[in-house]
Amino acid sequence: MSDSTGRINSKASDSSSISDHQTADLSIFNGSFDGGAFSSSNIPLFNFMGTGNQRFQYSPHPFAKSSDPCRLAALTPSTPKGPLNLTPADFGLADFSVGNESFADFTANNTSFVGNVQSNVRSTRLLPAWAVDNSGNIRDDLTLQDVVSNGSLIDFAMDRTGVKFLERHFPEDHDNEMHFVLFDKLTEQGAVFTSLCRSAAGNFIIQKFVEHATLDEQERLVRKMCDNGLIEMCLDKFACRVVQMSIQKFDVSIAMKLVEKISSLDFLPLCTDQCAIHVLQKVVKLLPISAWSFFVKFLCRDDNLMTVCQDKYGCRLVQQTIDKLSDNPKLHCFNTRLQLLHGLMTSVARNCFRLSSNEFANYVVQYVIKSSGVMEMYRDTIIEKCLLRNILSMSQDKYASHVVEGAFLFAPPLLLSEMMDEIFDGYVKDQETNRDALDILLFHQYGNYVVQQMISICISALLGKEERKMVASEMRLYAKWFDRIKNRVNRHSGRLERFSSGKKIIESLQKLNVPMTMTNEPMPYWAMPTPLMDISAHFMNKLNFQKNSVFDE
């Protein structure tokens, strides 16, 4: 949510501001290189016209009008010359240096300086000359056997174009001798295997082996990963893809050995890393609960739970874990999952207030409140033990206010009634300002969203938009809540109209612009729990409006 008050969603945005570009110094474009953007920088001013007198500067051949309207023809044909082998001295840079670096060192250590010059170099730069044609492309007649026999397999695997060649010619048939030759050469040395996994190109050929490995090869690959820094592989941008593919494609018993190795190490960094988080998500999603029960027990400890939930990536992992634990109660392992879920939810409820006030952890509490099925009992516990008696303070917090909104929306009738009563009558008025909780929230930058949610709930009920069918006594209670909010808004309408949030509150109340009733008289047609066109007036007059309800006072 956002409005002019500056409230934004608590999830961090990845977009960047362009204000820096709008105020950038554009003197470099004014046609003068004296001073300006270059006067105080370390960027060298190259004299590409030579060091001699300007009257001896190079002059191009004169041109005449060509038959082609888009071209000019040279009067004096130029003589073809060999490749130019220029040095810094040819540009007046014989004594050029940056700090203590020579020109050669400067260009070697500053790839951005030479990046534009070398941008036309093909991706086949790592391939041997015999493997490419005159255009720099891989030869059409090249075979996989040629690559292996010439000892260029690693060169191809580390090259973007070369690895595509290997993937196209990969021998998927386990009976093919070349399959075993490739596997042995790429995995026999731990350093080579690790380098390929961490390479932007090489990881693809390793994934290919993972996908088509025999059971024996799967065992060997698992040993290679465990012996060559499994945690580091999970944290790497490219190697983590190999681990994910292994969990997805390997036999379950073999994949569980990878997870067992992770559980024996310090895997807390994996829970908060942008790359490693995908590995753990694969584990939770694809493997049986017995493989990752250690992770749930790890989260049940308060310090670990707070560390993971307060991370932008970790909070999503916790949500997925809760979802998997509460999923499909008909499975035979549900009792085990329910025990682990109960331990995790106990820890969440115990730290609910701190979690709700955090930028990312509040999403975990929201997720519990919005879940259904077996999670409803934990939703009610969180509302009763954490939110009640703290609604006013939490509604004024940037992140906890999201939790309060969700609680109003998903609370069962009895708890919803208690929450409404707390806002209306649960706090002593301020002695100096004579303001109660509703007055405070109406004008608060975050609390006003809670009031808007209260209004929305009342309107949905009174217009018959609620999924469940409500009795008349419940409808009267919703009408009473709506009437109290409307009277308070009317009292402060002059001040509320000064703010965009106040205008939204006034507009939302106008959606139900009909006088309220709080008497025991039969309900008016507009307040019936179902659409009027579906109910006859004769049926409504016979309704008994005095049925008992959990809302009856």
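Just so you know, glycine gets a Cβ as well, placed from its N, Cα and C.
Fair warning: this is a prediction, and the values are worked out from it, not measured in the lab.
Annotated region 'RNA-binding' per Swiss-Prot: 499-514, in sequence order, evidence recorded as similarity to another entry.
Per-residue pLDDT, averaged over the repeat 'Pumilio 1' (146-184), rounds to 90. What Swiss-Prot lists as repeat 'Pumilio 1' is 146-184.
Taken from Swiss-Prot, the feature repeat 'Pumilio 2' covers 185-223, and the record attributes it to sequence analysis. Across the repeat 'Pumilio 2' (185-223), the DSSP tally of helix, strand and coil residues reads 30 helix, 0 strand, 9 coil.
Among the features that Swiss-Prot reports, repeat 'Pumilio 3' is placed at 224-260. For the repeat 'Pumilio 3' (224-260), the number of residues in each DSSP class (helix H, G, I; strand E, B; coil) is 30 helix, 0 strand, 7 coil.
According to Swiss-Prot, the feature repeat 'Pumilio 4' maps to 261-296. Broken down with DSSP, the repeat 'Pumilio 4' (261-296) shows 26 helix, 0 strand, 10 coil.
The repeat 'Pumilio 5' annotation in Swiss-Prot covers 297-335 and rests on sequence analysis.
Long-range contacts of the repeat 'Pumilio 6' (347-384) within its own chain (CB-CB distance under 8 A, at least 6 residues past either end) are made by residues 10-12, 299-302, 305-306, 309-312, 314-316, 318-319, 322-323, 326, 329, 338, 341, 390, 394, 397, 399-400, 402-403, 406-407, 409-412, 415, 419. For 347-384, the entry in Swiss-Prot reads repeat 'Pumilio 6'.
Away from its own ends, the repeat 'Pumilio 7' (386-421) comes close to residues 7, 10, 349, 352-353, 356-359, 362, 365-366, 369-370, 376, 379-380, 427, 437, 440-441, 444, 446-447, 449-450, 453-454, 457, 474, 477, 481, 550-551 of its chain (Cβ-Cβ under 8 Å, at least six residues beyond either end). Annotation source Swiss-Prot lists repeat 'Pumilio 7' at 386-421.
The repeat 'Pumilio 8' annotation in Swiss-Prot covers 432-472 and rests on sequence analysis.
Same-chain neighbours of the repeat 'Pumilio 3' (224-260): 187, 190, 193-194, 197-200, 202-203, 206-207, 210-211, 213, 215, 218, 266-267, 269-270, 273, 275-276, 278-279, 282-283, 286-288, 291-292, counting only residues six or more beyond its ends whose CB sits under 8 Å from a CB of the stretch. Taking H, G and I as helix, E and B as strand and the rest as coil, DSSP gives the repeat 'Pumilio 1' (146-184) the counts 26 helix, 0 strand, 13 coil. For the region 'RNA-binding' (499-514), the DSSP counts in helix, strand and coil order read 13 helix, 0 strand, 3 coil.
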